[in-house]
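Below is one structure, written out as C-alpha cells; comments come after it.
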Amino acid sequence: MDAQTKVIIIDYGSQVTQLIARRVREAGVYSEIHPCIVTAEQVRAMKPAAIILSGGPASVGEKDAPALEKGLLDLGVPVLGICYGMQLLGQDLGGELATSETREYGPADLTLTAPCPLWDGLDLGTTSRVWMSHGDKVKTPPPGFKVVGRTATLEVAAMADEARRIYAVQFHPEVHHSEDGARIINNFLFHVAKLKADWTMSSFVERAVKEMAEVVGDRHVVCALSGGIDSTVVAVLLHKAIGKQLHCIFVDNGVLRLNEGQEVVDYLREHFDLNLKYVQAQERFLSKLHGVDDPEQKRKIIGYTFIEVFDEEAKALGHVDFLAQGTLYPDVIESVSHKGPSAVIKSHHNVGGLPEKMNLKLIEPLRELFKDEVRKVAAELGLPDFIIWRHPFPGPGLAIRVIGEITEERLDILRRADKVVQQELMSSGWYRKVWQGFAVLLPLKTVGVMGDGRTYEHVIALRIVDSVDAMTADWARLPSELLERISSRIINEVKGVNRVVYDISSKPPSTIEWE
C-alpha cells in the first residue's frame with residue numbers, strides 16, 4: 001500500500017478500534033490498525049499520511065498502562081487522539097490529568113466552544129450529541145493547546161494544537177451514537193491532513209490482480225469454495241489473475257441447504273469459466289455423523305472430514321503450490337492483540353488445519369478488507385445479488401440446525417422448511433433488512449390436529465436476527481402477517497411438521513445459532 005494514502009491507527013485496546021478504520025475507509029482513505037507496541041521507526045517506514053490514537057480500557061496513570069510511543073509525534077504528520085488517545089497526549093505533552101468523579105459512559109451533549117478545523121460545517125456555540133466512555137479526563141490542556149469543546153461534566157472535551165496539527169477528543173466520533181462523528185473524522189482527514197480519497201474497490205481489484213499474478217507466476221493455486229461470498233470473491237479475483245492455474249474444489253458435505261451446492265457451482269462455471277471440481281461426499285460425511293447428537297462432536301467430525309476430503313482432492317491435482325483462503329482484515333487484527341504478539345487472542349485459520357497439513361504457501365487476497373468492502377468488491381467483479389447478500393451460513397451447515405441426531409429424513413424436513421423462510425424473507429423485502437434468518441429443527445414432536453385426525457409431528461423454530469457484526473444480535477421484529485405466512489406455509493407444505501415457533505432471544509445471552 002506504499003503508493004496509496006494511508007492512515008495508521010494505533011490500537012490501545014478499545015472495543016471499537018475497528019470502527020475507526022471502517023469510518024476512515026468509508027471516507028475513501030486506506031487505513032491500517034497496529035498494536036500500541038509498534039515503534040515510531042516502524043510507523044515511519046509505513047509512510048503514514050496521518051495517525052489516529054484509539055481509545056482503550058486502561059487508566060493512563062496505571063503502572064502497566066499502554067504508553068505513547070516516543071517519536072510518534074515527531075513524524076510530522078497530523079495526529080488525532082480519541083478518548084485514551086487524548087489522555088496520552090495530555091499527559092505526554094505536559095497537561096494535567098484527573099480521574100473523573102464517576103466513570104462516564106453513554107451520550108453527552110458536546111458544546112463547540114472555539115473555532116477548529118474538526119468543526120468545519122458545524123455551527124460554533126451549538127451542541128452535538130456524542131458518545132462517551134471514560135474514567136480519566138484532561139483537566140488542563142498541554143502548552144500550545146486550546147480547548148475547543150466541552151460538555152456539562154467535562155471542561156476539556158476536545159482540544160487542538162493547530163500549529164502542530166495535533167487534535168484530541170474525549171468522545172468516540174467513530175460510533176454511530178456520535179451524530180456528527182463521521183463529519184468530524186472526515187474533517188480531520190481532508191481539512192487537517194489534506195488527504196485525497198483514493199481508496200476504492202476498483203483500485204483494490206486492479207492492484208490485487210496484479211500482485212497475485214506476480215506472486216503466483218506460473219505456479220498453481222487450490223481454493224476451497226463454500227458458496228459464501230468470501231471464498232467466491234477469492235476465486236473470481238484469482239481467476240482474473242491466473243486463469244486456469246487456479247483449481248477450485250467444492251465439497252458437498254451433505255448438510256447444505258436445498259440445491260445450494262449445484263446452484264453455486266453451475267453459476268460459477270457458466271459465468272466465470274472456473275476450473276472447478278464438485279466433490280459429492282455426502283455419504284462419507286453423513287455416515288460419520290450417524291448417531292451423533294453432540295454439537296461439538298458434529299463440528300469436529302465435519303471439520304476433520306472436510307480436511308481429509310480436500311487434502312485428497314488437492315493431492316490428486318499433483319502440482320499445487322498455494323492454498324487460497326478468504327481471510328478478512330478483522331481476522332488479521334484479532335490474531336494480534338493491542339498488547340502485541342505475546343497476548344494472542346486467537347490464531348486464525350479460515351480453513352482450520354489445512355495450511356499446516358498440506359505444506360502449502362498461503363495466499364489471502366482479502367486480508368486487507370472488511371466484510372462490507374468484500375461485498376463492494378463482489379459487485380465490482382459482477383457477482384449477482386444472491387451471492388453478494390447471502391446470509392452467513394455456518395461451516396458445519398445444517399448439522400447444527402438439526403438439533404440432535406442427523407438423518408436424511410430430518411435434513412429433508414429442515415431443508416424444505418428453510419426454503420420457505422428464505423423465499424418469504426426475499427419476497428417481502430426483509431431478506432436484506434435482517435442479518436440472518438433460518439429454520440431450526442427441534443428434537444421433539446408435538447400433538448396437532450389436521451382435518452379430522454390427530455397428528456404427532458416435528459417442530460420448526462424460526463431464528464431471524466438483526467445485527468451489524470454478529471458480536472451482538474437482537475431478534476427481528478417481523479410483521480405478524482409475515483410470520484403467520486411463514487408458519488402457515490411450512491405446516492402446509494412441509495410434510496412432518498405441525499408446529500412453528502419464533503425465537504425471541506437476543507445475543508447475549510443466547511447465541512445466533514442454536515448449537
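Think of each number as a place in line: the chain as shown, counted from 1.
Just so you know, glycine gets a Cβ as well, placed from its N, Cα and C.
Features as listed in Swiss-Prot:
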DOMAIN    6-198  domain 'Glutamine amidotransferase type-1'
ACT_SITE  CYS83  active site, nucleophile
ACT_SITE  HIS172  active site
ACT_SITE  GLU174  active site
DOMAIN    199-390  domain 'GMPS ATP-PPase'
BINDING   SER226, GLY227, GLY228, ILE229, ASP230, SER231, THR232  ATP binding site
Under DSSP, is ILE229 (ATP binding site) part of a helix or a strand, or is it coil?
helix
Any further residue of that chain within 8 Å (Cβ to the Cβ centroid of SER226, GLY227, GLY228, ILE229, ASP230, SER231, THR232) of the recorded ATP site:
LEU225, VAL233, VAL234, GLY326, ILE387, ARG390
Name the secondary structure element type, per DSSP in three states, that contains HIS172 (active site).
coil
List only the single closest residue to ILE229 (ATP binding site), chosen from the active-site residues CYS83, HIS172, GLU174 by CA-CA distance.
GLU174
So which recorded positions are near the residue listed as 'active site, nucleophile', with CA atoms within 10 Å, out of HIS172, GLU174, SER226, GLY227, GLY228, THR232?
HIS172
Pairwise Cα distance for HIS172 (active site)/GLY227 (ATP binding site) [Å, integer]:
37
Which one, from the recorded positions GLU174, ASP230, has the smallest tally of other C-beta atoms lying within 10 Å of its C-beta?
ASP230
Hey, does DSSP put CYS83 (active site, nucleophile) in a helix, a strand, or just coil?
coil
Using Cβ-Cβ distances, find the residues under 8 Å from GLY228 (ATP binding site) that belong to the same chain and are at least 6 apart in sequence, listing them in sequence order.
GLY326, ARG390, PRO392, PHE393
Whole-number Å distance between the CA of THR232 (ATP binding site) and the CA of GLU174 (active site)?
30
Residues satisfying Cβ distance under 8 Å from GLY227 (ATP binding site), sequence separation of at least 6:
PHE250, LEU256, GLU260, GLY261, VAL264, ILE387, ARG390, PHE393
Going by Cα-Cα distance, which of the binding-site residues (SER226, ASP230, SER231) sits nearest to GLU174 (active site)?
ASP230
Given the binding-site residues SER226, SER231, THR232, and counting only Cβ atoms in the protein chains shown, which has the most within 10 Å of its Cβ?
THR232
